[in-house]
């Protein structure tokens, strides 16, 4: 005859449920929690990010120029170098705290490797940037290439010029790549967890709107001075594609995702205005001859602002 199967015995109250479609296991429960869990706006983290970016990154060269040279001799680290050291410690910590607050379980191995690469790249940049900015006091002009600088092209033997070009490579290319690629990758990884099915969570508080301006302006500085427009625009396009993909599933950005996404949009507008303003600058055009013409703010400073200061001093 037919074999009759005994029904699965019901679990006693308070006992662990067996895995299955009716009783999802521990991993299934985590996935459901990730899907519907929302996160409030991280006012403290975004404020700390904005503050330390402006002070420790943008303020580095300014502190080096403003503070008396007697306090920080040319053969010693400058005030900006100490700012950079603090940035290299604080920023990875804030990035890790940001990842910890994500409502979604994110790939930790990728995050840790990105943080390690970030610290390596920022440290390489610390050395190269320190020497390059100290050269300003010797007459180095950032709007010119290494070999076109008067203080460099007269060096003897000429192989010293190759050493300065190597230093420039570590500063502007290798250091920037190892610094900014992991930075934007971590921001994008965090962005993937900023979606919610709750429409009410897709609103930004007033404090977020106030922080958006300084945050976007810093990203403008980061992209233009770091010459990483390709990296930035690919990250932005990936964000847009993810937003459209999640929208089909009925998910919208939460307040943190909106803050990051709108900051990138404003950054793109600022970059377009910056390029339009300097579009006909022949000297900067010579230094940035490629298809993508985005001058560095410090190149603009050494070209125009230094001349303005010299003219005022001569009066």
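Placed from the backbone N, Cα and C atoms, the Cβ positions cover glycine too.
Annotation source TrEMBL lists region 'Disordered' at 1-27.
Distant neighbours of the transmembrane segment (82-99): 42, 45, 48-49, 52, 55-57, 59-60, 63, 106, 111, 115, 118-119, 122-123, 125-126, 129-130, 183, 186, 189-190; these residues of the same chain sit at least 6 beyond its ends, with a Cβ under 8 Å from one of its Cβ atoms. What TrEMBL records for 82-99 (among others) is transmembrane segment.
Panel annotation: around the transmembrane segment (111-128), residues 81, 84-85, 87-88, 91-92, 95-96, 99, 167-168, 170-172, 174-183, 185-186, 189 of the same chain, lying at least six beyond its termini, place a Cβ under 8 Å from a Cβ of the stretch. Taken from TrEMBL, the feature transmembrane segment covers 111-128 (among others).
The feature transmembrane segment is assigned by TrEMBL to 179-198 (among others).
According to TrEMBL, the transmembrane segment annotation covers 228-245 (among others).
Residues or ranges marked as transmembrane segment in TrEMBL: 257-279 (among others). For the transmembrane segment (257-279), the list of distant contacts is 41, 46, 187, 190-191, 194-195, 202-204, 208, 211-213, 215-217, 219-220, 223-224, 229, 232-233, 235-236, 239, 243, 293-295, 300: same-chain residues at least six beyond its ends, Cβ to Cβ under 8 Å.
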